[in-house]
């Protein structure tokens, strides 16, 4: 049986000045958190990673949803952004910021675009967290440059044990009061779905998990962002443990390879 699911909404007060907002933001992370069924021993430490080199992940999008929620996303064409269904479920509008590194600054590289044209997967299940995938259509194609680029979809699946790199502006530690100013990244290995399912009990074929041993993982605010490898996005940040981001539990991502047909049907984008 699955563990009890709790939805953590972390409210973060943020200074104004970002081109996506003309007023102070109160950002919340809608990342679903699942109670693990087993205990993992881990020494709590910073949730991983380092500040990314500015604009080294030029497909990374920052999503400001309904003036309330913050998520990440991936630019997969000049018109389409890939993100998580739990980010867009019930949303009215989204402000997509591309070309950003420090989301609390007015960087010359940033482009802000508002969209009301988006949809979640038809079979998205917010209780079981299945089909946690969504697409945002930009009202007009964005101009690509060295700071704003598209990311490729994978033509093959990612193997267990492969080191992958999730990126995002999520909380850098469980004790952090808010999300990160700057884009961060962490290198982590892919684990088996069987081992991940033994922890959460809701891990199906459409999910890929990373091993959070040592406290390296995604956290609140990273939702919808990419799982990167060799210029491709293999996953969409989906859910983690309600015990905390630093505790050594796996983090789960929507497996992009599993949804290639769905993405192509909706957008025409192929690997």
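Every residue, even glycine, has its Cβ placed from backbone N, Cα and C.
In Swiss-Prot this protein carries:
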| type | residues | note |
| --- | --- | --- |
| ACT_SITE | 86 | active site, charge relay system |
| ACT_SITE | 132 | active site, charge relay system |
| ACT_SITE | 223 | active site, charge relay system |
| DISULFID | 71-87 | disulfide bond |
| DISULFID | 196-209 | disulfide bond |
| DISULFID | 219-245 | disulfide bond |
| DOMAIN | 46-268 | domain 'Peptidase S1' |
| SIGNAL | 1-15 | signal peptide |
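Between the CA atoms of residue 86 (active site, charge relay system) and residue 71 (disulfide bond) there is a gap of 10 Å. Residue 132 (active site, charge relay system) sits 13 Å from residue 71 (disulfide bond), taking the Cα positions as reference. Per Cα geometry, 71 is the residue among the disulfide-bonded residues 71, 87, 196, 209 nearest to residue 219 (disulfide bond). Distance noted between the C-alpha atoms of residue 196 (disulfide bond) and residue 87 (disulfide bond) is 22 Å. If you take the Cα of residue 87 (disulfide bond) and the Cα of residue 223 (active site, charge relay system), they are about 7 angstrom apart, rounded to a whole number. The separation of residue 209 (disulfide bond) from residue 245 (disulfide bond), Cα to Cα, is 14 Å. Long-range Cβ contacts of residue 209 (disulfide bond) within its own chain (separation 6+, distance under 8 Å): 190, 191, 192, 193, 195, 196, 203, 250, 251, 252, 253.
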